[in-house]
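Okay, so here's the structure we're looking at.
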């Protein structure tokens with residue numbers, strides 16, 4: 001005999017289903033974002049020489065390993081713990097996921113055939129664990145941005161230090177500012193009197209929090225490490241260095257593009273009542289990426305008369321970065337304009353770094369820092385009142401819309417303040433870190449070590465057997481070499497570039 005449910009019981013069951021759906025949504029998004037590590041790995045391998053293949057892949061794997069341990073230990077607590085006592089600077093609890101919210105709810109009662117306990121359907125342990133997983137994937141992404149920029153000339157010890165500090169301290173502070181409900185610049189407080197200029201900084205999925213943080217750190221590292229040997233000639237000429245395989249770079253870019261749908265789409269944090277916002281986020285992200293890829297290629301064609309693959313790939317990534325902060329508050333035509341400008345921002349900033357003799361192997365700073373800056377500004381220009389209301393709070397949407405849509409400029413002002421503080425904070429902390437490593441002799445490889453390559457120095461030999469150095473007509477046998485031991489330059493018959 002069927003049992004009829006009362007309205008209260010039906011509401012309870014629907015509530016439980018919505019929590020489960022929201023938890024799954026975050027887990028799905030986290031998996032996509034985490035898989036972006038594979039995309040970064042392929043992109044970076046494609047852009048560096050063959051003799052450093054293993055080195056860059058090891059760093060990508062360890063970004064996830066180090067990142068998980070460090071973020072679990074204290075990074076998550078700094079980012080999303082209680083920040084009221086520090087005036088929104090950093091959280092001060094929930095280290096090691098020890099807070100009661102990770103244990104109190106969503107447990108099953110084994111004595112009632114797996115049914116939930118009576119009062120156990122509110123957001124609790126299950127959702128909070130999914131939220132941690134999602135945020136960890138963002139933190140790992142931030143660290144990986146740096147590894148490509150400083151590839152082929154920094155010591156492994158330096159990588160360990162910057163990964164530890166960036167994931168454990170520098171990035172979590174910025175995440176607290178922008179995404180913690182108590183954060184200094186956060187727009188996520190429901191009380192407009194508690195947010196900067198009555199609106200807070202709109203950085204929905206992280207043009208500033210993730211990409212500017214990683215991009216500024218990448219630029220700092222590239223400056224302190226100096227250029228790779230041979231990148232710039234004695235008279236200022238720019239030399240192209242060997243790149244391994246454009247196929248890897250293209251594959252990595254497509255993996256990143258797919259992962260970005262989790263990066264931006266799942267930043268709604270819930271799918272219940274937010275499915276429309278999430279779907280629109282994915283559409284505007286696609287439009288922004290496409291527009292930027294197009295404008296970057298056209299700009300490069302105009303300047304150099306070639307249809308360049310690198311311009312297309314980095315243009316797409318620059319468009320995705322540009323759209324990330326504003327993706328929930330703009331219309332598709334706004335995304336098109338933001339993307340078009342983002343492609344040009346990438347090209348101009350890459351030219352700027354070359355003119356300043358700054359060697360960024362994968363153009364991480366142009367893609368992530370400069371396009372991230374544009375993305376933060378764009379949110380204050382193109383946010384519409386209705387979209388702001390859907391994604392944030394309706395009671396302040398009229399004032400907090402972008403200035404192109406009748407807003408009073410508060411969002412733009414808050415976003416510019418946020419952008420400046422990210423540059424100052426990340427630039428200062430990473431400069432101290434990289435400068436200290438350089439002073440201690442732990443930052444840069446010697447010229448001889450760069451010529452040999454990190455795969456031989458640290459990782460037991462080259463990744464590709466057919467590209468081993470040839471000596472007297474036969475492949476040499478490789479063994480691990482102490483990085484502190486001076487190594488003779490390779491033979492003129494070496495083909496291990």
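Cβ atoms are placed via backbone N, Cα and C, with glycine included.
Per TrEMBL, the features are:
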type	residues	note
DOMAIN	25-462	domain 'Ammonium transporter AmtB-like'
TRANSMEM	24-48	transmembrane segment
TRANSMEM	60-80	transmembrane segment
TRANSMEM	129-151	transmembrane segment
TRANSMEM	158-180	transmembrane segment
TRANSMEM	200-226	transmembrane segment
TRANSMEM	247-271	transmembrane segment
TRANSMEM	277-299	transmembrane segment
TRANSMEM	311-330	transmembrane segment
TRANSMEM	336-353	transmembrane segment
TRANSMEM	365-383	transmembrane segment
TRANSMEM	412-434	transmembrane segment
Cβ pairs under 8 Å between the transmembrane segment (60-80) and the transmembrane segment (311-330), at least three: no
Touch test for the transmembrane segment (365-383) and the transmembrane segment (158-180), at least 3 Cβ pairs under 8 Å: no
Within-chain partners of the transmembrane segment (158-180) [C-beta distance under 8 Å, separation at least 6 from its ends]: 59, 62-63, 66-67, 70-71, 73-81, 83, 88-91, 135, 138-140, 142-143, 146-147, 186, 188, 201, 203, 206, 208-210, 213-214, 217, 221, 418, 421-422, 425-426, 429-430, 433-434, 437, 442-444
Seg_contact(the transmembrane segment (247-271), the transmembrane segment (336-353)) with at least 3 CB pairs under 8 angstroms, min sep 6: no
When counting Cβ pairs under 8 Å to the transmembrane segment (336-353), the leader among 129-151, 277-299, 412-434: 277-299
Non-local residues, at least 6 beyond the ends, that sit with Cβ under 8 Å of the transmembrane segment (277-299): 25, 204-205, 257, 260-261, 264-268, 271, 307-308, 311-320, 322-324, 327-328, 330-332, 334-344, 346-347, 371, 387, 390-391
Model confidence over the domain 'Ammonium transporter AmtB-like' (25-462) (mean pLDDT, whole number): 93
For the transmembrane segment (412-434), sequence-distant contacts whose Cβ falls under 8 Å of one of its Cβ atoms, 6 or more beyond its ends: 158, 161-162, 165-166, 169-170, 173-174, 177-178, 185, 187, 195-197, 199-203, 208-209, 212-213, 216-217, 220-221, 224-225, 325, 373, 376-377, 379-381, 402-403, 443
